[in-house]
Amino acid sequence: MLADRRTVRAIAIAGRRAASAIYASFVDLGHHRWAIGALLGGCIWLYGGFILRTYAGADFPPAVSYALNFQIALDHGQLPPRMVEFPREFQLGMGTVDHTPPTPDAPVFQYYAFLPSALAYPWLSFGIKGPEALGWVILSTFALGAICLYLTALLLGARRNLALLAAWSYLVSPWLISNIYGRGGVAEGVSHALLPLLGLGIACAWTGRHRAAIIATATGIAGLALAHNIFLLHGALFCGLVISCEGIFAVVAIWRDTGGKPATYLARAASLAVGLGLGLAVSSWQWMPAYMAVGDTSFAGQVAHTYVQDFASWSGIFGFPKTYSYAGSQTPFFFTIGWWSIPSLMLAVWLTPAGRRLQAVALAGVFIAYFVLTYAPGFGYALLPSAFNATQVTFRTLAFLSFAGALALALVRWQPGWITTLALLFAMTASQLAVIYYPEPVFRYTDDQYLKGWEVNAFHAYPRYLSSTFRVRGDGGLISENIIHLATWRDETGAKSRPVGLRMIGQTMKTIEKPFQLWLGRVDQEPDDIPGNAVSVDSDRFDVTVPIPESPDDLRVFFTGSIASGAMAAIYLERAYLIERLAASYVYSDALMRTEATGLRRTFGILPERLRDFSPAPSNGYVVEIPMVYNRFLVARQDDSPLKSWVDFNYRLNVRVPDLARPIVVAYEIPQPIWWLSAAGLAALMLVMMSGGAKSLSRFDRRLGDPSGAGPR
């Protein structure tokens, strides 16, 4: 305990020293104050809208719900907050699974919205309403990003006016604004605001401030990991491309035998690589469980290459603002990086001083490589980690391309005067007025409506096991396409006997002729071969148990109903599970009561009046449907003994228990090695800070960016 207190005290002291050193150094640069003031004023104008009003962005109401749920989770002792109180379950986008109240405890914050919700917590604690709290989060993070980008431009050699132009060119990027007010993407907006931290790390590495580069890069990567897991992928790729460029330059320098140059390139690459590694390590408790469980979600199956390409077009990215219809809605989106980004890169390569020319070439190369890898699926996807196939959407690319253009502008050998600076600021801003002021309907709800009225999205709403156990599709596909793998079912559920039937509860589509027959048969069986034990369905609603044949282990569901088109649905299922005996050994969640909820632990018991309704299966005990959304990090125990667990058709946690008399305890547990990795990364980062990294980060010459031209290039 004493050692822990000393560690916390050392971290606090290091943080205060870093903050005071940076503040003192920055205040000393008096000639930058008006530029910083202008940037902050611009941030208020561009990104302060949610403080005063609420727009109908599709993702904004869920973001408010996440923030409010985060507050509840933290106040209830969840450390770290993982589970929300009021998510709605989905059945492949068709609303709640069985028209019951939403099941609590979905592990939303494992995947999404952790940092925006955490930043909103202080505002909510002071009594500020949910929409305004997130408005302050958006404004404050963009203000931080603007200052970081301004400092980055100064480090890259820009004078005050050019640094102002570079920072503003990113802030006024069309997609960044459209994302906030058209889409309501709070998590994406916070990620956009944190990108300049990566630029600051790159600039520090290029100017020999290697310890500062480590700190800035690690902070930026960790921030992206906590804000939005998809942006972590993109940010790590962006940093990786810069590191690769420096490595290539080192190899070329060694080949050309240019003396000390290879060491310079290797030092830059090493500092960025260490920062990237530390950022990943520090935040591993957040992103590692998310990527380990990405296959458990429906999100991976929803994003296909053709779907990705529908989001933007070449002309949209490299042209003037245009509106696009997204997912059939009428909300306009401006999928473009801004007309100045490409000219900035070209000017940087052409007009950069000789000492910075290679950096401009590297930035242009990174720009092109990043665009090809993340926008052109036919080519780039094959070269990227498989996670990109599950999470890539082209509009994620836009912010990084705008960011690269801002960095390139800072490298240009140019000292614009007052008139030129104001003219360019006006041209950038005026050309985006259509983006800034396009009309959106305004709405306002109470925090209680935000809290309970919006579903969580498909990235974390439910698991998917399309080729596993008894997942019979109910999403509009023909039921005859579904295969049940009994061997997999036995392995996942711990069953020791062959099931006797498949219970299916659902409704038939009106296009189906009734009555019709349902039965299970071999995968290669002809559909006309109807067995004598087929079950007849003669109503719109049904609850039937279809017998399991004695062999084989791979079975297909067949039906005799005729439909108008092969693309139409036959039936929709609300529940489906294999039963081990005709007696009641499967316990629905409505027979359970939650007796305790402490932090990340939940305790359940069977309602006393329902105990006589169930009898054990001949193999081993009962199967209990826990009213919690399934997650692989949920560990169920009974008297400290671990229980076999898996996911059911309704995406809820199922466990096998030997008896129903003892309580069932379910806890969310991140594996200890992940915590050790996070602790090691944090300790290493603190060591860099205490060894002079913070001082290196704050070491700005008084004349840096001086418009007189006396400052260092």
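The backbone N, Cα and C atoms fix where each Cβ goes, and this holds for glycine too.
What TrEMBL says about a protein is an automatic prediction, not a curated fact.
Database features (TrEMBL):
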type	residues	note
TRANSMEM	34-56	transmembrane segment
TRANSMEM	133-155	transmembrane segment
TRANSMEM	162-181	transmembrane segment
TRANSMEM	187-206	transmembrane segment
TRANSMEM	237-255	transmembrane segment
TRANSMEM	267-288	transmembrane segment
TRANSMEM	333-353	transmembrane segment
TRANSMEM	360-381	transmembrane segment
TRANSMEM	393-412	transmembrane segment
TRANSMEM	419-438	transmembrane segment
TRANSMEM	674-694	transmembrane segment
Who are the chain neighbours of the transmembrane segment (162-181) in space, where the CB to CB distance is under 8 Å and they lie at least 6 residues beyond its ends?
35, 38-39, 42-43, 46-47, 49-50, 55, 57, 138, 142, 145-146, 149-150, 152-154, 188-189, 192, 196, 321, 332-338, 340-341, 344, 395, 398-399, 402-403, 405-407, 409-410, 412, 414-416, 421, 424-425, 428-429, 432, 435-436, 440, 705
Do any residues, 6 or more residues outside the transmembrane segment (187-206), come within under 8 Å Cβ-to-Cβ of it, and if so which ones?
47, 59, 63, 112-113, 115-116, 119, 137-138, 141-142, 144-146, 148-149, 151-152, 155-156, 170, 176, 179-180, 212-221, 223-224, 227-228, 231, 235, 238-239, 242, 246, 267-268, 271-272, 275, 359, 396, 399-400, 403, 406-407, 696-697
Does the transmembrane segment (267-288) come near the transmembrane segment (674-694), with 3+ Cβ pairs under 8 Å (pairs 6 or more apart)?
yes
Six or more residues beyond either end and a Cβ under 8 Å away: which residues meet both conditions relative to the transmembrane segment (133-155)?
26, 32, 35-36, 39-40, 42-44, 46-52, 60, 63-64, 67, 116, 119-120, 123-124, 162-164, 166-167, 170-171, 180, 186, 189-190, 192-197, 199-200, 202-204, 206-207, 209, 216, 406-407, 409-410, 700, 704-705
